Amino acid sequence: MAHYAVFFVVGCLYVIGDASAIQWNGNWAFACDFTGGDLDRANVPGDQCGGRCASTAGCTHFTWTTWNGGTCFLKQGRGSKADAFATSDQSMVCGVVTDSAPTPSGGTSGHEVKLKNYCSKPVTVFSLENGAGKQTQSWQLGSQQELPRQLPNGWAGRFYARYADVAPLSGWPQPDSLAEIKFDGYMGLDFYDISLVDGFGVPVKMTPIPGTFSKNAADSKSCKTIGCLADLIGGCPEDLKLRQGSRVVACQSACTKYGAAEPDAPGMSSSNGGGKNPTRDATGAHHSSSLGLGFDSALNLGGTGGEGRPSQSMNGGYYGSYKNSNGDDGAGPSNGYQNGHSSAFDDTISESGAATENDLARRMIELTVEDDDSDFFKSIKAEHSCCYCGLSDPAAVACCVMCKKWFCNGRGLIQGSHIVHHMVRAKHFEIQLHKDGPLGDTSLECYNCGNKNSLVLGFIPAKSESLVVLLCRSPCANASNLKDSSWGDANQWKAVIENRQFAKWMLRQPTEQEMIRQRQITSSQLLKLEDLWKTNPAATVEDLDQVLPEMKLPEIVIRYEDAYHYQRIFLPLIRQEADTDRKLKESQLFENVIIRWDTGLNKRQIAYFILPRMESDAKIMPGDELRLTTMDRTWDAVGNVLKVPDNSGEELSLQLKLGTKNIPVNTNTGFRVECVWKSTSFDRMRNALTTFAIDSNCMSHFVYSTLLGYPMRETPLARSVVLPRRITGPNLPELNASQVNAVRIAIDSQISLIQGPPGTGKTVTSATLVYHLVKSTKAKVLVCAPSNIAVDQLTEKIHKTGLKVVRVYSKSREVVESSVQFLSLHLQMLTNAELKKLQLLKGETGELSDKDERRYRALRVQVEQELLSGADVVCTTCVGAGDPRIGKLKFRVVLIDESTQAIEPECLIPIVMGCKQLVLVGDHCQLGPVVMSKDVAAAGLSSSMFERLIALGLRAHRLQVQYRMHPILSEFSSNIFYEGSLQNGVSPVDRIMTEGMDFPWPNTEKPMFFLNIFGSEELAGSGRRF
């Protein structure tokens, strides 16, 4: 007695192999090539599917049988109606027979159905028994949940599944993919098939479990996998789509929708192979295996149009119907399951004798719901198919090394190729070619420095051989950097990506006709898919219809109801921006880096190395943290960047953290460098938003109301001293009229805006203003800017006035040299002799005793507070204002330089520290804040606080005299951006080129010209065009 198990798979994957639209006799067919190969129009005869999806019994079932193959869906013209699909069945009969008579396989143990959900979300599985009408049983299964069900002998019925979040469908019959079974049927055999007669819900496959249906292990081959694995949701005609809201949940068949089977389609027949009415192609020849599905005359897979008896296959199998229209067992092949199903015995193997164990009669049927990570799907789908369009030619596809996805070099419906689009959008810049392509499984990298960013790679034809040398655009492609003159002429360097497509000698460029035959995907769909991959890397194009609309980010407004409303708007934007920034930072990874070791003056190890120029949106800056690791990960350490590459050298220097042990100073190769993302900036912005919402003393009521968008009537501030008639600062240049006016207004105003066009002396004006604010208010002033460079420049000017200035750096930047380092808090602290002694001891020994460590920490806090409390001015970045070291201080006066280059929550950090008088300096006509997330920028975070206050009606006091440009240059910017108000503080005589230097100006009287550059567009390392 035979024993076997069969399992169904209701899958979450929608596309297997290549799907192509093929024209047939004026109609259109949507075919799924199960073998993964392309369907060639020239080789498709009239009966492309080997048994046309037609029904001889009206519109009950379309019949079509495959031999362990794919699924065929015919899309036929409906005149005035939209195109419709006629669906099909796959059927298989599995059992063990002898040469004379079959051995009954039913037994008394019944059958077990095991339901299992491999999807990432819950599903509901339904069971419908024949003769039960519409009465169903159902079970909801969570992801990875399994549920066994017992079935009696002779059971016949179907299973189907829907996602649990799909509401009950209306109408009857329901458009579901059906997994149908008849146990112990004709001749004691079991029959199973996949039916799409009523429509398509989810892909389904059914596979026997080897080794459980016969004592002989070889018999495991007698039952094959069948399944419906085509995308009918993505390719469903509009009129057949069944929607719930905007979501497409099923594709109805033509019968379900219109009650018509399209019987007039030419060349359609319900027979195949050895029947009386075999299908012929256009030439009249018998059709065989146009899809590679195994149809041929040797197998003799007869159809319902045959002799009315099962025809024997070469291996003793049978082909025929298995139930009559009532679902009862038939004495012989009837007209088919529900008047239309056609089924086939698989290759069956003879067996004599019967099993002695009763439990061998027990059969297991496993109904499994699966994601596209299923081993079964992977074994069928071409792993190197383009994740956008499905093209799978090894010569035209490349693998993204970072995400392991494949993309083709074809354009489809977008301007650039699919692989380039993915690289630019995902910031994944390293690719590998296919092993079966012309160049093999080559990883693209610079021959000179190893840079693997394909966006900056190019080639130079070598002189000595018929070869090309891959070199990065900079610095290796420069003539001065070529190691070997035999490589060729650097002037012949040409990018491997031209017009957003890889060179054809590297990756074949599919033709337009080829791309038409692939899945058509729009630019907006590509963007949505890339975004979906960030949270679900296994997602496919078809999942786009099932993705719930993302919660829309709130947009910046001019006015806010209260501080809580302000917080509710900005918090989601900050979270999104933080997430984007983190991903950009963490994507910067460099392998096989060569290290040069040295010891700094403070006895700490410094690593020097050269990194490829990534040209990424996220730049490595002095003070940033990098993680240094050996390639085998046996050692790792974190350090701070001391110096980044500049005109003086290409090396980056990294000082390792104090206490780093086992440093491999004798090893120079095989290191890995990655960026360490820190959330400090975003945490402090969130804290400032919270403080603004809950602390009524964090700023004056006037400042509070103005920031919310409701400026109050302002009264002049009281001053303790009278301003001098001549407004200037000690050791600073004398101010012009517009600068003096801006200073006077700012001193008297609770909130003031100073607009400084390029070269108009913003820094000198700000330093003078700070000096007079300190003298007139006797209050401590907090001076901030979004960047360390801007803060350092302003600190230097303020120090010249004689005020007590403390420059507060972040801990990570204390090791970075600067022009005002002597004013830094951490160095001024060393004026305390005891603290200096303890710090030197700690630097030499690496650690202090418990007693000395406690004293060191207490003394450090004490000295820090003494210096900060005694300062006239504290200078730091906007984010630095949230440093706990200055968190206990209150600053009545706050000045923010370059405020137009900071996002609004960044400016809020210093303001919530007790601000009663606020000065914002900047120029909204120049570059605004840098926002990494496009969605966040579109929501308005790229607009500065300075710009919003202008929109509210606050007047910006413009500095009107520029001292930087030749007058001929300033004329353009003055007229275009500043209503012609800019005046020149320099004359043409002041901007004459140094004697001995010559330049061929078109007009020597006007040292300027526009240069038109001819050439093809290239991509920068970050994916931007230039």
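Every residue, even glycine, has its Cβ placed from backbone N, Cα and C.
Looking at 12-42, 446-476, 539-569, the range tied to region 'C4' in TrEMBL is 446-476. TrEMBL lists region 'CC/SHH/C' for one of the ranges 226-254, 400-428, 690-718, namely 400-428. In the predicted model, residues of the region 'C3H' (386-418) average a pLDDT of 92. Using DSSP to sort the residues of the region 'CC/SHH/C' (400-428) gives these counts of helix, strand and coil: 9 helix, 4 strand, 16 coil.
For the region 'C4' (446-476), the number of residues in each DSSP class (helix H, G, I; strand E, B; coil) is 3 helix, 10 strand, 18 coil.
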